[in-house]
């Protein structure tokens, strides 16, 4: 365990905004987590578990303790049909996917290059190119912050949805994910429905082929957060009614959409791009010129710049299409999680 007093959070969030915290503690084990949550010194302080900070925007000084998750380790067991991989929650997700591909554990390759750590994956139910975590997740192990006991949820108990899970609702602020177990079928079935992957639909395609192709696609479309500060997709793809979709198609016949149970899922990046916002900039914050769904820190952005830009994008899309975008990125103001409308009101009133 390592304790840092009133230090900058810049190295610990992929937006690279220069906010700070009262206290930063690095937790290297489950016992460290138990010690932190049971220590009377921290009882009245807000405590935020943080993995890679790849889906987080600190909007001002964090009044409390930021606990860096540095729980590492991997183990593999198997049945006749599946590999079961138990992954500690601090493991880097992109490195994990590459390790799986290199070691013959197929079925995870579509989730290549998604920034973050393994413990964050079930919170958001991360997904890309036709695959979601829920499709390969066997169970999630977590530390109950009330009892300080380790508990486990089966896949069905995690209540996975589109960028949703029980960890964002019923168990929010009540647990820390300590490990996940993945179930990967030994009989690999590639997921190639996504357009650019269609040229891999032949009998000779391997998991490495799919992994390499997805890395190529993502490298072209998405900026590397190690080079350009960003949190990946800033907004969720909205779901609208069939009637709303048909009405929009009269004006925008090329509007891309996908059938879902609730109606039509619309590509948020297309909405932003079609609104002419690619490259739009507010001080150091900018809509990425290649992928409109990504907001970037060009090097000098403050959290306020990013909030102003996000609010402008949200309002522009609402005015143009009558669609309200919901952000994927989680915002923290005064040590508490908040939302874009609240944060904008806080900054401008």
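Every residue gets a Cβ built from N, Cα and C, even glycine.
Per Swiss-Prot, the feature domain 'FAD-binding PCMH-type' maps to 17-187; the stated evidence is sequence analysis. Taking the domain 'FAD-binding PCMH-type' (17-187) as a whole, pLDDT averages 97 in the prediction.
Remark: residue 163 (active site) has 124, 125, 126, 127, 236, 328 as non-local neighbours, by Cβ distance under 8 Å and separation of at least 6 in sequence. The secondary structure of residue 163 (active site), as reduced to three states from DSSP, is coil rather than helix or strand. Under the heading active site, Swiss-Prot lists 163 (among others).
The annotation active site, proton donor is assigned in Swiss-Prot to 233 on the grounds of sequence analysis. There are 21 other CB atoms within 10 A of the CB of residue 233 (active site, proton donor), with all protein chains counted.
Sequence annotations record features per position, and here Swiss-Prot assigns active site to 328 (among others) based on sequence analysis. Over all protein chains present, the Cβ of residue 328 (active site) has 17 other Cβ atoms lying within 10 Å.
The secondary structure of residue 233 (active site, proton donor), as reduced to three states from DSSP, is extended strand.
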